[in-house]
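*Asks:* The structure is given below, and queries will be raised subsequently.
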Amino acid sequence: MLDIKWIRENPETLDKALAKRGAAPLSSELIALDEKRREHVGKVQAAQERRNAASKEIGKAMAAKDMGTAEKLKAEVGELKDFLAHAEEDERRLSKELSDALSTIPNIPLDDVPLGKDESDNVELRRIGNPHNFSFQPKEHFELGEALGYMDFERAAKLAGARFTVLKGPLARLERALGQFMLDLHTTEHGYTEVMPPLMVRDEAVYGTGQLPKFSEDLFRTTDGRWLIPTAEVPLTNLVAEEIVDMKGLPLRFTALTPCFRSEAGSAGRDTRGMLRQHQFLKVEMVSITDAESSVAEHERMTACAEEVLKRLGLPFRTVVLCTGDMGFGAQRTYDIEVWLPGQNTYREISSCSTCGDFQGRRMNARYRPEGEKSTRFVHTLNGSGVAVGRALIAVMENYQQEDGSIHIPEALQPYIGGLTRIEKAA
């Protein structure tokens, strides 16, 4: 959420930033609503002050046995109480209107984010590794998985409908191995603390990270009003909600391996075959909570941690910076890491690492107190996939496929899968 004080002082900056994201200007509307609210707050405060003063004057009048004055003051206090009952309700309503309006405004892109409308305007930063030249036509993961007998979409559809997968045998073990490998890397070498969070959260948590109120259709909701997490970013970031974090403990770095649940609203017809776009999928998430001065450097560090996963697995990838029109709602800047999929002959996203500034910190009311200062500031938050486990499975299958349809296991994963070096067709 953006600061209304900042908007009052920088209306043109806001409107220019919204234009970069392809949105209409909103500063005039927001400032007018805030002025109306502030005017009402002033009237309420004046009435409260007069009520308190009149109440004291009643006591003085009674002590002086000036009953006429006392009665007039009592009548005035009564009128002020009636006025305040309605005025305070109006103040709450106006404050909520402003808060609701602010909650739907996206974050302000950093100055170095490239201008653009969609993913075609994203800018490639680097490529690591060279795609393998196969002596045969490489297959897509679902062709490989079904031929091996360990990937079953038909039975998954029978159980749950479209966009689900049943993995069996060594492919199920391989997906589990990938998640464990990533967690071990991030916790033992990258300084993250592993967390096992709830998979269902309240409205406040999903609001804090920015999925609510604007993107509710992308989420699954339980009958008792909780939300299935679309990413572990939600519970990990909200660990510090409504808290003042010790400055000496920053940065806080959390990681988790969780199932994630997404309705994939608006994705009809996209990636309908295979595991690329699922309602339920495994992902390792990284979250950092920092002070204002450290968040830019932390973004580079987090992205490097995600890249290291793919380097260890020997998977070719590229890193791109998203343009203003392709960034997520809460991001100031986002790096996408795209892994090479030879079956599709293209790069596909496997990680997205974003710095959000104090956008989520303000929504969560999560603060820290800088050393030597009495006042607090909102924390800065960052989140990144470290990485999407299902998509890593796809990448391993496609990049390590053999001509006979078997899958070679990357050396880094072999200790996690009982020393197995190859996945072959089920007997």
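Every residue, even glycine, has its Cβ placed from backbone N, Cα and C.
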*Asks:* Return the residue out of E175, E285, E338 that Swiss-Prot annotates for the same L-serine site as T231, A232, E233, S385.
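*Replies:* The candidate from E175, E285, E338 that Swiss-Prot ties to L-serine along with T231, A232, E233, S385 is E285.
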*Asks:* Rounded to a whole angstrom, what is the C-alpha distance between T231 (L-serine binding site) and E349 (ATP binding site)?
*Replies:* 15
*Asks:* Could you tally the C-beta atoms, other than its own, that fall within 10 angstroms of the C-beta of E264 (ATP binding site)?
*Replies:* 14
*Asks:* Given the binding-site residues R262, E264, E349, I350, S351, which one's Cα is the least distant from that of E285 (L-serine binding site)?
*Replies:* S351
*Asks:* Within 10 Å of the Cβ of I350 (ATP binding site), how many other Cβ atoms can be counted across all chains shown?
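*Replies:* Within a 10 Å radius of the Cβ of I350 (ATP binding site) lie 26 other Cβ atoms.
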*Asks:* Starting from the Cβ centroid of T231, A232, E233, E285, S385, which together make up the recorded L-serine site, report each further residue of the same chain whose Cβ lies within 8 Å of that point, ordered by sequence.
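*Replies:* Everything else in range on the chain: V234, L236, A256, T258, C260, K283, V284, M286, V287, N383, G384.
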